[in-house]
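According to Swiss-Prot, the features are:
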- 1-19: repeat 'LRR 1' (REPEAT)
- 20-43: repeat 'LRR 2' (REPEAT)
- 45-70: repeat 'LRR 3' (REPEAT)
- 72-91: repeat 'LRR 4' (REPEAT)
- 92-115: repeat 'LRR 5' (REPEAT)
- 116-140: repeat 'LRR 6' (REPEAT)
- 142-164: repeat 'LRR 7' (REPEAT)
- 166-188: repeat 'LRR 8' (REPEAT)
- 190-211: repeat 'LRR 9' (REPEAT)
- 213-234: repeat 'LRR 10' (REPEAT)
- 235-258: repeat 'LRR 11' (REPEAT)
Amino acid sequence: MNLTTNGFQRNLPSSLGNMEMIEFLDISHNSFHGKLPRSFLKGCDSLIVLKLSHKKLSEEVFPEASNFFSILELSMDNNLFTGKIGRGLQSLRSLIMLDISNNNLSGVIPSWFDQLQDLHSLQISNNLLEGEVPISLFNMSSLQLLALSANSLSGDLPQAISGYGALKVLLLRDNNLSGVIPDTLLGKNIIVLDLRNNRLSGNIPEFINTQYIRILLLRGNNLTGSIPRRLCAVRSIHLLDLANNKLNGSIPSCLRNASLGLGRGGYIRRLFIIITFFLWEHLSVHFSNLCSCKMGLLSIMS
């Protein structure tokens with residue numbers, strides 16, 4: 001059921017919980033407000049995709065367990081949710097994509113996210129979260145996109161034991177992260193790395209295992225030393241931003257005449273295009289056979 005971009009107002013009706021057979025529900029971009037009805041969280045046990053984005057929903061996010069045992073995609077971004085990230089999300093063991101960004105969530109990032117073993121995309125940017133980033137997030141075998149930008153996260157980036165798992169996109173800009181950038185962070189899978197506007201120090205790590213990185217954004221830190229010459233060997237890079245650091249030495253000759261798409265408007269536009277393309281190509285959940293009685297033949301593009 002697609003009810004997006006209408007003029008619906010008031011609270012979400014409790015009767016939503018009576019739709020036991022529904023698999024797809026998108027009521028984004030309306031003016032619903034208030035909290036999620038308990039009857040809704042306890043019903044709709046056939047839901048596979050639920051989109052509640054861009055509304056005025058408030059109070060806690062999933063403070064208790066729900067019956068959404070089959071859900072693969074949950075989008076609750078751009079609302080007014082407050083409080084801690086609810087433990088009710090812990091029961092969504094089939095979840096592949098979770099977006100709770102652009103809310104007013106506070107507290108720390110729960111360590112139990114690593115129990116969602118099928119999770120490919122976790123987006124919690126633009127909230128009020130604090131504390132350290134749990135090392136368990138970086139070792140998840142399936143997690144490919146992790147977006148924690150624009151919070152108040154602090155501490156060092158962990159020296160992840162397994163080389164940051166399957167991560168391809170890591171967005172940590174506008175936090176209070178400190179310490180050095182671990183060599184293991186630039187693993188063989190990373191495509192986009194955004195660490196802008198933190199308090200990171202030390203040298204830019206070597207790019208020994210990096211093969212596919214397209215975007216490297218390190219602006220606004222306290223990085224020192226020279227620009228690694230090994231950057232010249234990273235042929236895949238599209239965007240490179242090292243401004244507002246404390247770097248010294250000479251610019252490698254391979255970068256002096258490089259065109260990195262930093263013209264007017266090109267920076268943000270290209271970053272958006274590449275990340276959006278990544279989401280569609282690697283993470284999107286697509287329905288096929290929409291006209292058949294079984295709506296929900298799902299395939300994950302990889």
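From the backbone N, Cα and C atoms, a Cβ is placed for every residue, glycine too.
Scored on C-beta pairs under 8 angstroms, the neighbour of the repeat 'LRR 3' (45-70) with the top count among 92-115, 213-234, 235-258 is 92-115. Sorting each residue of the repeat 'LRR 8' (166-188) by its DSSP state yields 3 helix, 8 strand, 12 coil.
Within its own chain, the repeat 'LRR 9' (190-211) has Cβ neighbours under 8 Å at 149, 157, 163-164, 167-183, 217-228, 230-231, 233-234, 236, 241-242, 247, 271, 274-275, 278, counting only residues six or more beyond its boundaries. When DSSP labels each residue, the repeat 'LRR 5' (92-115) comes out as 5 helix, 7 strand, 12 coil, counted as helix, strand and coil in that order.
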